[in-house]
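Novice: The active site, proton donor annotation in Swiss-Prot covers Arg91, Arg146 and is backed by similarity to another entry. Per Swiss-Prot, (Z)-N-(sulfonatooxy)alkanimidothioate binding site is recorded for Arg91, Ser124, Arg146, Ala175, Val224, Trp285. Residues annotated as Fe(2+) binding site in Swiss-Prot, with similarity to another entry given as evidence: Glu240, His248. Residues annotated as repeat 'Kelch 1' in Swiss-Prot: 32-83. According to Swiss-Prot, the repeat 'Kelch 2' annotation covers 84-130. Feature annotation from Swiss-Prot assigns repeat 'Kelch 3' to 134-183; the stated evidence is sequence analysis. Under the heading repeat 'Kelch 4', Swiss-Prot lists 185-232, citing sequence analysis as support. Taken from Swiss-Prot, the feature repeat 'Kelch 5' covers 234-290. The repeat 'Kelch 6' annotation in Swiss-Prot covers 298-326, and the record cites sequence analysis as its basis.
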Amino acid sequence: MCPVENKWLKVGQKGAGPGARSSHAMTVVGNKVYCFGGELKPTIHIDNDLYVFDLETQEWSIAPATGEAPFPCFGVSMVTIGSTIYVYGGRDDKRRYNGLHSYDTETNEWKLLAPVEEGLPGRSYHSMAGDDRKVYVFGGVTAKGRVNTLHAYDVVDQKWVEYPAAGEACKGRGAPGLVVVEGRIWVLFGFDGNELGDIHCFDLASEQWKAVETTGDVPAARSVFPAVSYGKYIVIYGGEEEPHELMHMGAGKMSGEVYQLDTETLVWERIVCGNEEEKPSQRGWCAFTKAVKDGEEGLLVHGGNSPTNERLDDLVFWGFSHLNVN
């Protein structure tokens, strides 16, 4: 297929930011990026500060906070609905798991919405996505192993909703891509002891699962990678294509490629993102979110683990304006 050209932008950073880390999470409220959790060394948590990056001034700060914050953790996920951030899961170095917390960006208050004892089994390296009412949680690693369950937290009714199980065809997995597109939840790839290359889709209206076969420039199996939606398209970047023999303690084979999937035609296309010297380091285990930078919507990525097992501290942006869309 004919590759589409686009380029990465390295975003300048000022102020006291999160620094080098991996297994953390990011989300956006307005022109502010919020970052939480992570590890600098494998399986050792860092802090529970909530870092804020202003996309206009390009400066980091630490959010003022009251209330009951999540404890320091890694393998955590977060999404935004309205002006509220929802943070779920993640574990510390003693394998304690966080429940579901919210952070109100207008009042700067943390709240514990659902402790682990009253909600889902504690987990890390799960994936989250959201719409205007629900926070969706799929998969992850619990104390009993990797799971393939799908739940949602209804922010209006303030309760968990359990959906039908994904079935044996969709193995329990950690760190898949999870994206909501036009009333359907897409589960892409992940890790079950091996990197997975399958895709599954859940229709929210019919509550039916189905396995999805795709064509085109199909990406290699992978996990711990950014995945976001853009209209009817899913965009993925990077990830770990092969695990290290030491698993989490080492860095496996990392990717630096960008792909787009048309969810109607089910055709993948690999995107050429400038010259090799213009690309950011290959990585996985990074924080990511959709964001608008200088009027353009795109993928914003912070940190992650590099092929040398060194944690990264850069902030890079990839705009959607040159995607091959129709």
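Keep in mind that glycine also has a Cβ here, set from the backbone N, Cα and C atoms.
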Novice: Using DSSP, would you call His248 (Fe(2+) binding site) helix, strand or coil?
Specialist: helix
Novice: Any same-chain residues 6+ apart from Glu240 (Fe(2+) binding site) with CB under 8 Å of its CB? Would you list them in sequence order, or say none?
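Specialist: Within the chain, Glu240 (Fe(2+) binding site) has Cβ neighbours under 8 Å at Phe191, Glu195, Arg222, Ser223, Val224, Phe225, Ala251, Gly252, Lys253, Met254, Ser255, Gly284, Trp285, Asn305.
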Novice: Find the one among the recorded positions Arg91, Arg146, His248 whose C-alpha lies closest to that of Ser124 ((Z)-N-(sulfonatooxy)alkanimidothioate binding site).
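Specialist: Ranked by Cα distance from Ser124 ((Z)-N-(sulfonatooxy)alkanimidothioate binding site), first place goes to Arg91.
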Novice: Quick one: pull the CA-CA distance for His248 (Fe(2+) binding site) versus Ala175 ((Z)-N-(sulfonatooxy)alkanimidothioate binding site), whole Å only.
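Specialist: Cα-Cα, rounded: 12 Å.
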Novice: Given a 10 Å Cβ-Cβ cut-off, pick out the one of the active-site residues Arg91, Arg146 that has the most other Cβ atoms nearby.
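Specialist: In terms of Cβ crowding, the pick is Arg91.
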Novice: Which residues does Ala175 ((Z)-N-(sulfonatooxy)alkanimidothioate binding site) neighbour through Cβ under 8 Å, counting only same-chain ones at least six apart?
Specialist: Tyr125, Ser127, Gly139, Gly190, Phe191, Ser223, Val224, Phe225
Novice: Tally of helix, strand and coil residues over the repeat 'Kelch 5' (234-290) according to DSSP?
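Specialist: So the counts come to 6 helix, 25 strand, 26 coil.
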Novice: What does the DSSP secondary structure composition of the repeat 'Kelch 2' (84-130) look like, as residue counts for helix, strand and coil?
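Specialist: Across the repeat 'Kelch 2' (84-130), the residues distribute as 3 helix, 23 strand, 21 coil.
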Novice: For the (Z)-N-(sulfonatooxy)alkanimidothioate site as recorded (Arg91, Ser124, Arg146, Ala175, Val224, Trp285), determine the largest distance between any two Cα atoms, in Å, rounded to the nearest integer.
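Specialist: Spelled out: the longest distance between any two Cα atoms in Arg91, Ser124, Arg146, Ala175, Val224, Trp285 is 17 Å.
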Novice: Rounded to a whole angstrom, what is the C-alpha distance between Arg91 (active site, proton donor) and Arg146 (active site, proton donor)?
Specialist: 14
Novice: In three-state terms from DSSP, label Arg146 (active site, proton donor) for me.
Specialist: strand
Novice: At 10 angstroms around each C-beta, which of the binding-site residues Val224, His248, Trp285 has the fewest other C-beta atoms nearby?
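Specialist: Comparing Cβ neighbours within 10 Å for the binding-site residues Val224, His248, Trp285, His248 has the fewest.
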